[in-house]
Amino acid sequence: MYSIAIDGPAGAGKSTIAKTIAKKLEFIYVDTGAMYRAMALYFIRHEIDPKDEEAINKACPDIHVSINYEDGVQQVLLNGENVNGLIRTEEVGNMASKTSAYKMVRATLLDLQRDLAKTANILMDGRDIGTNVLPNADLKIYLTASSKVRAERRYKELVEKGVEADFDKIEEDIIIRDRQDMEREIAPLKQAEDAVLVDSSDMTIEEVVDAIVAEFEKVK
Ligand code: C5P
């Protein structure tokens with residue numbers, strides 16, 4: 001069984017690229033960010049202050065995250081409820097970034113993530129997959145892009161959806177999120193020593209996909 005880990009900051013295009021590669025290689029795609037987002041949704045619904053670690057710790061045993069697949073698309077269940085349609089907001093993303101720093105939150109998801117890798121060929125993306133969740137992954141990729149390029153992509157995405165967007169605010173949010181993810185004590189975002197660095201700033205999606213598939217061919 002093979003496992004591929006793709007880590008990197010918010011907005012680097014991880015999920016688009018990971019989905020495409022998983023399809024190409026016929027691997028199962030596991031989006032771990034969605035799991036942190038499902039936990040964040042629980043904290044929001046229960047009006048738990050993200051700064052209150054004690055309250056977060058108390059809530060964790062009541063949170064059960066699981067996933068299943070519908071037509072090959074990952075669905076995240078929060079205590080049995082499919083929350084896929086509710087977790088893609090900035091509010092949930094910010095809550096996930098803050099609360100994913102806590103030990104209990106990470107411990108709640110770690111076994112689920114590791115167990116998934118035991119069942120099939122998987123491609124898992126997140127922040128700490130190569131460094132922490134799957135340290136023995138067959139291939140580790142650290143996918144990044146400059147904050148400016150990431151903000152431009154996000155801005156374009158919103159404008160295309162007809163949503164009003166402020167470029168500077170988007171870039172500022174990206175920089176804050178990077179800092180939170182990179183500077184936390186537990187499982188911070190960083191490139192694993194044995195990860196291949198892919199900077200997608202000046203690459204198309206197809207070029208990134210081809211580069212990662214070529215890396216996989218080398219280790220297969
Ligand atoms: O990738 P996505 O934006 O969905 O992730 C939301 C948040 O979840 C991230 O900002 C990060 O704080 C957290 N996360 C994490 N470890 C992972 C995946 C996501 O801490 N493996």
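Along the chain as shown, the residues are counted starting at 1.
Even glycines carry a Cβ here, placed using N, Cα and C.
Unlike curated entries, TrEMBL annotations are predicted automatically.
Features of the protein shown, as given by TrEMBL:
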- 4-217: domain 'Cytidylate kinase' (DOMAIN)
- Gly8, Pro9, Ala10, Gly11, Ala12, Gly13, Lys14, Ser15, Thr16: ATP binding site (BINDING)
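Feature map: TrEMBL annotations on the structure.
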residue: Gly8; record: ATP binding site; Cβ neighbours (10 Å): 26
residue: Ala10; record: ATP binding site; Cβ neighbours (10 Å): 22
residue: Ala12; record: ATP binding site; Cβ neighbours (10 Å): 26
residue: Lys14; record: ATP binding site; Cβ neighbours (10 Å): 23
residue: Thr16; record: ATP binding site; Cβ neighbours (10 Å): 13
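Closeness to ligand 1 is met by Ala10, these being the binding-site residues among Gly8, Ala10, Ala12, Thr16 whose Cβ falls under 6 Å from the molecule. Each of Ile17, Asp125, Leu143, Ala145, Arg150 belongs to the same chain as Gly8, Pro9, Ala10, Gly11, Ala12, Gly13, Lys14, Ser15, Thr16, is absent from that list, and has a C-beta within 8 angstroms of the C-beta centroid marking the ATP site.
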